[in-house]
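Novice: Pulled these features from TrEMBL for this protein:
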- K46, G53, R54, G55, E109, A112, E117: ATP binding site (BINDING)
- N209, D223: Mg(2+) binding site (BINDING)
- N274, G331, I332, M333: substrate binding site (BINDING)
- 9-241: domain 'ATP-grasp' (DOMAIN)
Amino acid sequence: MNIHEYQAKALLKEYGAPVADGLPIFSADEAGAVAEKLGGPLWVVKSQIHAGGRGKGKFKEESAGEKGGVRLAFSKEEVIEFVGQMLGATLVTNQTGEAGKQVNRIYIEDGADIDRELYLSILVDRTSGRVAFVVSTEGGMDIEAVAEETPDKILTVPINPDAGVTADNAIALCDALKLEGTARDDGMHLFPILYKAFVEKDMSLLEINPLIVMENQRLRVLDAKVSFDGNALFRHPDVMALRDKTEEDAKEIEASKYDLAYVALDGNIGCMVNGAGLAMATMDIIKLYGAEPANFLDVGGGASVEKVTAAFKIITSDPNVKGILVNIFGGIMRCDVIAQGVLTAVQEVGLEVPLVVRLEGTRVEEGKKLIAESDLNVIPADDLNDAAQKIVAAVKGA
Ligand code: ADP
Ligand code: MG
């Protein structure tokens, strides 16, 4: 689960990280009062959407002006003007896709005098199997591009979970970021704080791009992106309360109601599969045969007919889906339950795209019989290879 920048900053502030004073607003008439409260003389008006690249982004509406989604304002009047232009407008960045995202919240914060922009993130590093810091002196820009063009400017520091951030770790980070004097003192203090927040709140990503050295040589968290591990959210009602459903895919919200592991993707073949491993294999083989999956979906083990029905409806409600592949290996999950779920869903919402079904395992005969006896137009398949080829052919033929 992701949260907004202003929420992430408030959370990091609780842990003692240096962030600017700022206030979120939800309607344009709050802008003047907030600008006065913060006092200026420099304000930054920041669109709050769950995507980065806002500064360099562009609004779809001409009325929002030529400037991007993060704007420096030099007077209260300018704060009001920018808020009026940006609130409700649709911002397109290199992370939103073409459709862009509507700006429903704006964060107004004190402007900082920037000396240098640095990059810092904390993530779960699969190579070391540990939580690791990733830092670079090349902050404020697209870190993927830095990784591509100048990988030597990025340092990864894995953290030993028993010891936490050691002095040696913090020194290595300070050196990589070329921090001196007061900025170095700030760094030594800040890195353990960020690590503590990451671990205690079960984050999966904490990205600060940029972390800045101000002209007074103090550090400040200028941007903050935080993602939480969805499987640990039950431990954090305070974090759950920060959820902004308007930022989430409607199909993913529906899926979460039924406890389905569902992720919307860009392709056109809808997949209904049980088990994350089989779901990944199914997506891979669809790609192997030259098409793209429209989603990742794991209905899990021992799902009810109701859950399977909901899953199938979520897939068919996606207008990008031009064909569906049901690939089930029944273990705890029973093939007849899957078949019944598919039939129930089709009775309720119809089916307008080709459907390939591959069933194997527990109660497979009962499952196949249910489908055969229905008037459902199913393309049967024998194995994974066969199933993938058939659905790709059906979608490409259509
Ligand atoms: P995004 O990464 O989505 O573009 P950022 O919060 O990183 O958004 O802002 C983009 C740029 O705007 C920053 O790299 C920085 O140069 C500038 N900026 C952002 N916040 C402030 C601030 N409080 N004071 C001064 N400049 C800022
Ligand atoms: Mg940024």
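Easy rule for this one: first residue shown is 1, then count along the chain.
Using the three backbone atoms N, Cα and C, a Cβ is placed for every residue, glycine included.
Could you place these features in context, so I can see how deep they sit and what lies close by?
Specialist: Every protein chain shown contributes to the tally, and the Cβ of R54 (ATP binding site) ends up with 23 other Cβ atoms within 10 Å. Secondary structure at R54 (ATP binding site), taken from DSSP and collapsed to helix, strand or coil, is coil.
The Cβ of D223 (Mg(2+) binding site) has E5, G52, I208, N209, P210 as same-chain neighbours under 8 Å, each 6 or more residues away in sequence.
Residues near M333 (substrate binding site) in space but far in sequence (CB under 8 A, at least 6 apart, same chain), listed by position: N274, V299, G300, G301, G302, A303, G361, T362. Secondary structure from DSSP puts M333 (substrate binding site) in coil.
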Novice: Using the centroid of the Cβ atoms of N274, G331, I332, M333 as reference, list every other same-chain residue with Cβ within 8 Å of it (recorded substrate site), in sequence order.
Specialist: G275, G300, G301, G302, A303, I328, F329, G330, R334, G361, T362
Novice: Can you give me the average pLDDT across the domain 'ATP-grasp' (9-241), rounded to a whole number?
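Specialist: Its mean pLDDT is 96.
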Novice: Going by DSSP, give the three-state secondary structure for D223 (Mg(2+) binding site).
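Specialist: It is coil.
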Novice: Rounded to an integer, what is the Cα-Cα distance in Å between A112 (ATP binding site) and G331 (substrate binding site)?
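Specialist: On Cα coordinates alone, these residues lie 58 Å apart.
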Novice: For the binding-site residues listed here (E109, E117), tell me which residue's CB has the most neighbouring CB atoms inside 10 Å.
Specialist: E109
Novice: With the cut-off set at 10 Å between Cβ atoms, which of these binding-site residues ends up with the most neighbours? Options: A112, I332.
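Specialist: Per the Cβ count, the most surrounded site is A112.
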Novice: Give the distance between the Cα atoms of E109 (ATP binding site) and G331 (substrate binding site), rounded to the nearest whole Å.
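Specialist: Per the Cα atoms, E109 (ATP binding site) and G331 (substrate binding site) stand 54 Å apart.
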